[in-house]
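Copied from TrEMBL, the annotated features are:
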- B:39-58: transmembrane segment (TRANSMEM)
- B:70-87: transmembrane segment (TRANSMEM)
- B:93-111: transmembrane segment (TRANSMEM)
- B:123-147: transmembrane segment (TRANSMEM)
- B:171-191: transmembrane segment (TRANSMEM)
Amino acid sequence: MKSPALIFFSAFLVNNIILMRFLGLCPFFGVSTAIETASGMGMAVIFVMTLAAWITWIIFHVILLPLDLVFLRTATFILTIASLVQLVEMFLKKSYRTLYNAMGIYLPLITTNCAILGITFLSIDNKFNLLNATVFAIGTGLGFTVVIITFAAIRERLDLAPINPALKGYPISFIVASLLSLAFLGFSGLFGLT
Amino acid sequence: MNKWQIFTRGLVKENAVLILMIGLCPALATSGTVRDGFGMGLAATFVLLFSNIIISIMRKRIPHEVRIPIFILIISTFVTIIDYFMQAYQPDLYRALGVFVPLIVVNCMILGRAEAYASKNSVINSALDGLGVGLGFTLTLTVIGAIREMLGSGTLLGVAVFGEAFKQSPVIFMILPPGAFLVIGVLKALINKYVK
């Protein structure tokens with residue numbers, strides 16, 4: 001079993017959720033038009049990802065495994081995450097108004113974000129204990145945030161750059177993402193991680 | 001709109017990945033080889049076809065307020081079926097696709113068709129629509145997979161296409177994650193330039 005620190009760096013840099021694992025691409029291309037929206041989205045993802053990792057881990061090990069209902073994993077997890085996001089939204093709206101103003105509008109978008117569901121499956125598949133699952137979720141969320149903010153900063157510049165009309169919009173974004181991904185490939189081998 | 005148009009609309013004109021830019025995660029992640037792209041495409045087509053049929057059959061009985069959770073539940077049923085089926089009969093493919101098989105459930109393409117089409121149209125039309133969109137997805141993933149496999153490993157379905165020398169030292173970049181972004185970016189640019 002790898003140590004929590006290695007799991008963190010693996011999730012954060014080496015196996016970055018967006019650039020290496022290709023999860024959460026819809027918000028990555030969708031809300032990365034300005035640094036402000038990107039950081040709001042990033043915060044919301046870290047928050048929900050960690051909560052979702054805890055709750056699905058508990059559901060899987062306390063309910064599904066003992067009752068031999070593992071085949072219900074996909075259905076249970078997606079419904080849990082959908083209701084969790086809704087609950088978090090209502091709670092923040094009532095109790096933490098400033099936090100809600102910062103990331104509230106991104107919460108509904110997160111329900112269909114495959115990154116959240118993806119990491120809950122991955123931490124079950126990797127047989128993580130609760131501590132490792134938490135570290136994995138936080139590392140992944142941070143990796144998501146760093147990449148989406150970097151990407152938003154680049155796109156703010158791209159808006160002003162003279163670009164061939166055929167490349168405007170998605171094509172140039174994909175090519176920039178390709179270069180970013182190439183840069184992150186340089187992290188492979190860090191602390192012996194692959 | 002006649003039946004043929006319903007079927008072909010999702011295939012080309014409203015192609016999920018290259019025109020509407022949805023369902024991107026599996027399109028990038030599972031298109032390293034022709035086999036993976038084709039397998040992923042067929043799995044998604046299966047889910048799309050049957051969830052469209054079931055949702056269309058039940059469309060008058062599903063209460064409007066809770067339709068999204070019900071759609072998700074129906075979709076996740078078929079995802080679980082294909083998940084276990086692939087694990088049993090195609091273990092190699094299942095290992096290559098990994099977490100992206102259960103993640104078909106959050107593919108916005110499938111929920112999108114349920115919400116926009118199957119919940120409002122007849123069973124036959126919904127089935128044709130699901131089949132068209134699914135095969136369009138399969139076609140795209142297979143083409144991307146073919147490009148990446150040819151350049152990245154020098155093979156097509158395991159057969160060397162550019163000779164042995166190229167196979168010994170291919171453009172490995174193409175089968176790594178950056179290559180996936182690049183291929184889709186270039187394809188989208190070509191579509192912008194020549195198709196409109």
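Glycine residues also receive a Cβ, built from the backbone N, Cα and C atoms like all the rest.
Outside the transmembrane segment (B:93-111) by six or more residues, the chain places 16, 20, 22-23, 25-26, 29-30, 32-33, 35-36, 39-40, 43-44, 47-48, 51, 68, 71-72, 75-76, 79-80, 82-83, 86-87, 133, 137 with a CB less than 8 A from a CB of the stretch.
Here the transmembrane segment (B:123-147) has Cβ contacts under 8 Å with residues 3, 6-12, 14-18, 23, 26-27, 30-38, 40-42, 44-46, 48-53, 55-57, 109, 113, 117, 156, 174, 180, 183-184, 187 of the same chain, all six or more residues outside its ends.
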